[in-house]
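Pulled these features from TrEMBL for this protein:
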DOMAIN    1-358  domain 'FMN hydroxy acid dehydrogenase'
BINDING   Tyr26, Tyr131, Arg166, His253, Arg256  glyoxylate binding site
BINDING   79-81, Ser108, Gln129, Thr157, Lys229, Ser251, 284-288, 307-308  FMN binding site
ACT_SITE  His253  active site, proton acceptor
Amino acid sequence: MAAEPVNVNEFQELARQALPKMYYDYYAGGAEDQHTLRENVEAFHRITIRPRILVDVSRIDLSTTVLGHKISAPIMIAPTAMHKLAHPEGEVATAKAAAACNTIMILSYNSTCTIEEVASSCNAVRFFQLYVFKRRDISAKLVERAERSGYKAIVLTVDAPRLGRREADIKNKMVAPQLKNFEGLISTEVSSDSGSNLEAFANTTLDASLTWKDITWLRSITKLPILIKGVLTREDAIKSLEVGVDGIVVSNHGARQLDYAPASISVLEEVVHAVGGKIPVLFDGGIRRGTDIFKALALGAQAVLIGRPVVFGLAAKGEYGVRRVVNMLKDELELTMALSGCPRVKDITRNLVSTQRERLQSML
């Protein structure tokens, strides 16, 4: 009997043992040289915590709110594709785990359970992630279904006009299953002799002409708040404010799109400063420890999104595995807060962390 994991990283090895190589590589891999994939995690190692002592931390409150929805901790479930490749219950298991942990799940447009199946599986706040298709009617239909099924926000992914080059998927000739959200709308079966049929499907269906003006189109078809996911620069944060989005997710798509894009954590503060508190900034990319969450919150994120660890937990142990991953991160965050002198999330302020840049400047 394998030992029970004691941290989130250990779920990755369990997932590797549980999954066929093609699927494990699909979830674990990044673009090209995978430089950004490594940096997403390693950039956290260069941020240190400046703990405060002799603060009453006998009671720690992890709860926070995102877009007015109260959640048990500033930890949300990122949109990740095709959960049935990880576990037969797919996104329904992930949704039940999110509900049990009292947090928000963002359902991927590329889910293997339908928008409606996930909505009816349990009672919880959910957001829906959208890509814009060349055929706008398909995107509009997905938004309408999400709104009708009680999803509370649309998270528009904006960093994938084309799919990044994921070489493991090309080598493995990665095959995507028929995606149930598109039944009756579009075929997801594309033949591609030269590698990943996922890439072939994306490149034939996704709209590479998408621009800022299309946010107005999206606003015209839904009353839901719109967040945009994939912002990495001050300039794009300012543009986001100008077009009137309701929130930003700082993200490099789990390092699956542009290799040598910056690690998400290294640009979080730049985006937070540009936004100036006008809308919430969420964070995505490389979270593996409670200390990572603490650092992201100190640099201005309202909450973090967890992607790969959730999928690895699902692959290893189903719904229970996802709950364990979220609860491990909650426990580690709670301990980090106690040891840093922060009884509440709002006590996690900028002066509690030191970045590499600050340490270098202090030497000058």
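From the backbone N, Cα and C atoms, a Cβ is placed for every residue, glycine too.
A TrEMBL annotation is a machine prediction, not a hand-curated record.
Show me how these features fit into the structure around them.
For Tyr131 (glyoxylate binding site), other Cβ atoms within 10 Å of its Cβ number 21.
Under a cutoff of 8 A between CB atoms, and with a sequence separation of 6+ in the same chain, the neighbours of Ala81 (FMN binding site) are Ser108, Asn110, Ser111.
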Do you know offhand how many angstrom separate Tyr131 (glyoxylate binding site) and Lys229 (FMN binding site) by C-alpha?
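Tyr131 (glyoxylate binding site) and Lys229 (FMN binding site) have their Cα atoms 10 Å apart.
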Take the C-alpha atoms of Lys229 (FMN binding site) and Arg166 (glyoxylate binding site) and report the distance between them in angstrom, rounded.
20
Going by Cα-Cα distance, pick out whichever of the binding-site residues Tyr26, Arg166, His253, Arg256 is nearest to Asp284 (FMN binding site).
His253
When you rank Tyr26, Arg166, His253, Arg256 by Cα distance to Gln129 (FMN binding site), which of the binding-site residues ends up on top as the closest?
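Closest by Cα distance to Gln129 (FMN binding site) among the binding-site residues Tyr26, Arg166, His253, Arg256: His253.
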Looking at the binding-site residues Pro79, Gly286, Arg288, Arg308, whose Cα is closest in space to that of Tyr26 (glyoxylate binding site)?
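Comparing Cα positions, the closest of these binding-site residues turns out to be Arg308.
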Within the domain 'FMN hydroxy acid dehydrogenase' (1-358) only, compute the mean pLDDT.
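Across the residues of the domain 'FMN hydroxy acid dehydrogenase' (1-358) the model's pLDDT averages 94 on the 0 to 100 scale.
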